[in-house]
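Undergrad: Questions regarding the structure given below will be posed in turn.
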Amino acid sequence: MKISENKFSRILRPSLFALLLLPAIYYAWGVWQDSLGANPLEAVIRGLGDWGLRVLLLTLAISPLRRLFNWPQLLRLRRMVGLYAYFYVVLHLFGYLWFDHFFDWEEIWFDILERPFITVGMVAVILLTPLAVTSTNGMIKRLGKKWKKLHMLIYPISMLGVLHFWWMVKLDITEPVIYAVILAILLGERLFNKFSK
Amino acid sequence: MLIKKNNELSENEVTDFSVYHNRRKFMKTAAGIGIAAVSGMPIIEASAKTVSPYSTDEKLTDYKDITTYCNFYEFGTGKEDPAKNAHTLVTSPWDVIVEGECEKPGKYNLEDLLKPVSVEERIYRFRCVEGWSMVIPWMGFPLADLIKRMQPTSKAKYVYFETLHDPKQMPGQRRAVLDWPYVEGLRMDEAMNPLTLMGTGIYGKDLLNQNGAPLRLVVPWKYGFKSIKSIAKIRFSETQPVNSWQKANENEYGFFSNVNPDVSHPRWSQRRERRIGEFRKIKTQLFNGYGEQVASLYAGMDLKKNF
């Protein structure tokens, strides 16, 4: 599959860019209009986390989709989607630091030490940072083969992301299980692809 | 003006909802233009009523927030689910079965159960184990009144409560998230404490289904999940009941579940809480600020072990 270069860069890429911005607009609008329910700050933190995880999984879906549709152009969308994932994860973290702890660093440090779901979430966002930083063309060139190796960190990061959500949930694990299944499919496809060659 | 004794006060004589609502709205507006202190006075006077010494004078949480942000897994695990789904619950007629170690066991119609009691208003802090809190003007009567009428025997050391179990009325019970029916329990001295309330209403109105209509427990010094909703059975027992959340995860939820900022939970720090409707968090108090009334119940107990 292939679409014209014109359609790709004039329609597909900007549409996807706008689409991925919608959740951020939704929450900004929701806070402004006070339409996020009784506990809007929690809704914002949770919502941004949900979208961080969703867009992270979307990033991981690009290679399998490229293979499925035999559509090499898709790969050129991956950086943007990946950076969007980082965008939502960082906003999620910022929401947590601000609305949950009001930048009380001692409390935050206790939280990281005492709560396993915070620990893994924090590790995930720390590991994600070098991937975002090295996403420029210059860095890709400079790092060469090491770049690919470094960016394989996305696999453990996504597992930590799902684990973070799973451990956060009090009892009803339906949602985290759905994310875990999707992640298993996306990673499984890679294994299958690697060993069936 | 006729001054009434507290026990003569019936439900429709206390501040009705519209007065409340209007007063809150007025005070909000007035505060906005900075005249609350001056013009707010006559309005407050108009709504004058017998105030329970147990009531707090903190700012009330909005009725809308109290009725739309609830944990009631019988109607779904999302906070907004109960308000959407609880309409299937039929609360009239309603029976409460009383059994176990007491002289007056039986199946009681709710109306008969409520006939001899005088419903009063209690404004309590309500602290959820999840780290949020509200200030709720409950309507209700002391649980002790009901217990005395049932004449528990000397063997009755605990009071066990059960929520209605009917997946047709409570669609959330079709999924085994918790081991249905929802059960809770109190030690007899906790149950007899004057703070412990059988709730029948909020803001002068009958309880909405999502808030545990028609009859619920209100134990303000314990985390919210202890305040069991839509009670269908009460049992006096010699042994300590295993409450639903303890059964689901005994490492995280205990029998006592007293609000305690120093006993941490793996998911939420209990040192602070978000008062619904406010931006900044506030410090959580031991026994949710009711230590004066209840701390003696736990004298000599290790609260970290007996969480």
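The backbone N, Cα and C atoms fix where each Cβ goes, and this holds for glycine too.
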Undergrad: B:TYR73, B:GLU74, B:CYS128, B:ASN211, B:ARG216, B:SER227, B:ILE228, B:LYS229 bind Mo-molybdopterin according to TrEMBL; which of B:THR163, B:THR284 goes with them?
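TA: Looking through B:THR163, B:THR284, the residue TrEMBL assigns to the Mo-molybdopterin site is B:THR163.
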Undergrad: May I ask you to pick out the binding-site residues among B:CYS128, B:ASN211, B:SER227, B:LYS229 with a CB closer than 8 angstroms to chain A's CB atoms, ordered by sequence, or 'none' if no residue qualifies?
TA: none
Undergrad: For the Mo-molybdopterin binding site, please report the maximum Cα-Cα distance among B:TYR73, B:GLU74, B:CYS128, B:THR163, B:ASN211, B:ARG216, B:SER227, B:ILE228, B:LYS229 in Å.
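TA: Roughly 19 Å, rounded to the nearest whole number.
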Undergrad: Measure from the Cβ of B:SER227 (Mo-molybdopterin binding site) and count the other Cβ atoms within 10 Å, all protein chains considered.
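TA: Counting Cβ neighbours of B:SER227 (Mo-molybdopterin binding site) within 10 Å gives 22.
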